[in-house]
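Visitor: Quick one: the structure is below, questions incoming.
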Amino acid sequence: MNGVEVPAKIQKRIERLRQEINDHNYRYYVLSQPTIPDSVYDELFHELEKLEKKYPETITPSSPTQRVGAEPLKVFEPVHHEIPMLSLDNVFDEKGLRAFDKRIRQRLKLDKPFEYVCEPKMDGVALSLLYENGELIRAATRGDGYTGENVTQNTRTIASVPLQLRGNDYPELVEIRGEVLMPREGFAKFNREAEKRGDKTFANPRNAASGSLRQLDPRITAKRPLIFYGYLIGLLKGKDFPKNHCDVLKWFKDWGIPVISEIKVVGGIEGCLDYYEHLVKTREKMPFDIDGIVIKVNSLQVQAELGFVSRAPRWAIAYKFPAQEKMTVVKAIEFQVGRTGAVTPVARLEPVSVSGVTVSNATLHNFDELYRKDVRVGDTVIVRRAGDVIPEVVGPILAKRPKKAKLIKIPSRCPVCHAEVIKPEGEAVARCVGGLYCRAQLRESIKHFASRRALDIEGLGDKLVELFIQEKLIKDITGIYQLKKSAITALPRMGEKSAENLLTAIEKSKKTTLPRFLYALGIRGVGDTTARTLARHFHELDLLMKASIETLQEIRDIGPVAAENIHAFFHQKNNAELINKLIHLGVHWPQEKAVVKSEIAGKTFVLTGALKSLTREEAEEKIERSGGKATSSVSKNTDYVIVGENPGSKYEKAKALGISLIDEEAFLKLLKS
């Protein structure tokens, strides 16, 4: 039909069908008030499909028929979250919730109660939807909060996600965050059908939702009964934020975004407690799994004032439901070795279903916990999913203990490398002293060394690391920089192109910064913030390596334990040799310069939008090297917000709080100062 003009009557019918189908989706998913049976909906949809097939020039990306049809992907592309997708802090009892309320009122200097919004804590997968001029242009998973995966094609297949927002009162750019769920009924049906076909079944609806969203073939996702609910705005451009969070949810409904119906605005913490008790009693009647309630400050102005701490907002909290418990038997107690050498006892259990999840392993945390609880092999124990998530052994039922129950001792030798295991007096954790020559520690150390916040070696994932160690291609972290193309291509599923890409990423990682290098070394207690602090203080690696414990303790934010760990690390011969070898192999960084009367020193900066001359990480590192602090969220403690192209909601929050806004040119001038 190419080149043939579409009759006006047909064009009008196509537009009418699209409008009707979108309206019925809105009534079904947003209002929960369907007005036609499924059979009639299917007839409308099939009529539209036939017309679009006959007149393909009428097809638009936002047509309801275009949810499925993309080619299978080879890989999910990474997506950087301009505003981090942070998780929430948790409380598990009334005392914890009251403490949260008290902290907020003290911070705001308020004696009287104020408004909270309470909503069920959905047990699904966090998802970010980006709409430009009302059209869905990107969907991304949370990932680590800073970088997620592009799952746009899969998300388009979820019928409750509008491809085009309703009405015309939407902003130029808006990021809608929410949760993807698989309802219980759909989950049960999916598993029944999978079982009949002999296919893999899922342990619980959350795993099913996650697995469905991460299918490389969107046609598979399209067959899964997924639903999306919105609960938050991230980026916003071309429209001012409303006053309250509940107004945001009203926007969502108006735009055709489903919002969970069991949301309530309450006055003060007593109302939150009442809401919690109500949901504890009614949770099983809900169509999908929830694992607690979420409490948010209703006022967006107050949210901006409260800001964030570490990886969570101060203005919201998750109040988790009581843990669910079951009995099972301990078949064995084995030992796992972590990156820092910590030897952790793990209980191997007779599989038992707890809150819909099959639990066969549970951590015993450390040997002090193991002996305090007196858990033995052969014991009948109570297993709990704390917060419906982490399997934990609560303790043994002594009345059921068999005579041959076996008490486990701390191993004298590492189960992986057979080096000595020591447990210093007063410490709960036993450690393998094998260091980076222990295969288990080596594996975890290499994964850490290559991670995004460390040397950022793209493509060096868990399975590849394990394979390199297994094939003895890497014997310590310096082995990364001695890999040969011929050795890589000889491995299963590693072709020429894959090997070239990996070697390019490894070569690129040689140029780094001192804070990243220090973090990559995996020193106990040294996260990326402490690494930046050390780099700012010493400027040179040699000076840090020679520093005494007393010198280290004089640095702000470095406590006695961290000082001892840092000192011990650099005074171990093996570690010093590895560092020298890495430098000899080409790992390098610009020297950290001492800060002299910088206008940036002591100031806190937040970036929003894209800068032309610098990447976000380059800008943050320049701020840190100049003695300033770069954070990811705006609060009343922020001194400057640097505004690049297409700024997000941080810009609006900064304006609301009266924080200094500077453009890229002004920021570069500050750097030169």
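We count from 1, first residue shown onward.
Backbone N, Cα and C define each Cβ position, glycine as well.
Per Swiss-Prot, the features are:
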ACT_SITE  LYS121  active site, N6-AMP-lysine intermediate
BINDING   ASP38, SER39, VAL40, TYR41, ASP42, SER87, LEU88, GLU119, ARG142, GLU179, LYS296, LYS320  NAD(+) binding site
BINDING   CYS414, CYS417, CYS432, CYS438  Zn(2+) binding site
DOMAIN    595-673  domain 'BRCT'
Visitor: About how far apart, in whole Å, are the alpha carbons (Cα) of CYS417 (Zn(2+) binding site) and the residue listed as 'active site, N6-AMP-lysine intermediate'?
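Guide: The Cα atom of CYS417 (Zn(2+) binding site) is 43 Å away from the Cα atom of the residue listed as 'active site, N6-AMP-lysine intermediate'.
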Visitor: Which number gives the other C-beta atoms within 10 angstroms of the C-beta of LEU88 (NAD(+) binding site), all protein chains shown included?
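Guide: Result for LEU88 (NAD(+) binding site): 17 other Cβ atoms within 10 Å.
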Visitor: Measure from the Cα of ARG142 (NAD(+) binding site) to the Cα of every one of the recorded positions LYS121, CYS414, CYS432, CYS438, then give the nearest.
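Guide: Result for ARG142 (NAD(+) binding site): the nearest of the recorded positions is LYS121.
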Visitor: Look at each of the binding-site residues, ARG142, LYS296, and point out the one with the fewest other Cβ atoms around it within 10 Å.
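Guide: The binding-site residues ARG142, LYS296 were compared, and ARG142 has the fewest Cβ atoms within 10 Å.
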Visitor: I'd like to confirm something. Which of the recorded positions, VAL40, ASP42, LEU88, LYS121, has a Cα closest to the Cα of CYS438 (Zn(2+) binding site)?
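Guide: Checking each of VAL40, ASP42, LEU88, LYS121 against CYS438 (Zn(2+) binding site), the shortest Cα distance is to LEU88.
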Visitor: Would you list, in sequence order, the residues of this chain other than CYS414, CYS417, CYS432, CYS438 that have their CB within 8 A of the centroid of the site's CB atoms, where the site is the one recorded for Zn(2+)?
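Guide: Sorted by sequence, the hits are VAL337, GLY341, PRO415, VAL416, HIS418, ALA419, VAL421, VAL433, GLY434, TYR437, ARG439, ALA440, GLN441.
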Visitor: Averaged across the domain 'BRCT' (595-673), what pLDDT does the model get? Just tell me the whole number, please.
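Guide: That region's mean pLDDT is 82.
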Visitor: Can you tell which of the binding-site residues VAL40, ASP42, LEU88 lies nearest to CYS432 (Zn(2+) binding site) in space, using Cα positions?
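Guide: The answer is LEU88.
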Visitor: For the domain 'BRCT' (595-673), give the DSSP counts of helix residues, strand residues and coil residues.
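Guide: With helix first, then strand, then coil, the domain 'BRCT' (595-673) has 28 helix, 18 strand, 33 coil.
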Visitor: Can you give me the Cα-Cα distance between CYS414 (Zn(2+) binding site) and ASP42 (NAD(+) binding site) in Å, rounded to a whole number?
Guide: 62
Visitor: Please list, in sequence order, the residues in the chain of the residue listed as 'active site, N6-AMP-lysine intermediate' that are at least six apart in sequence and whose C-beta is under 8 Å away from its C-beta.
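Guide: Same-chain residues close to the residue listed as 'active site, N6-AMP-lysine intermediate' (Cβ under 8 Å, separated by 6 or more) are ILE290, ASP291, GLY292, ILE293, VAL294, ALA318, TYR319, LYS320.
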Visitor: If we count other C-beta atoms within 10 Å, could you say which of the binding-site residues VAL40, CYS414 has the fewest?
Guide: VAL40
Visitor: By a simple count, how many Cβ atoms lie within 10 Å of the Cβ of CYS432 (Zn(2+) binding site), its own Cβ left out?
Guide: 27
Visitor: If you count the C-beta atoms lying within 10 Å of each candidate's C-beta, which of the binding-site residues CYS417, CYS438 ends up with the smallest number?
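Guide: Fewest other Cβ atoms within 10 Å, among the binding-site residues CYS417, CYS438, is found for CYS417.
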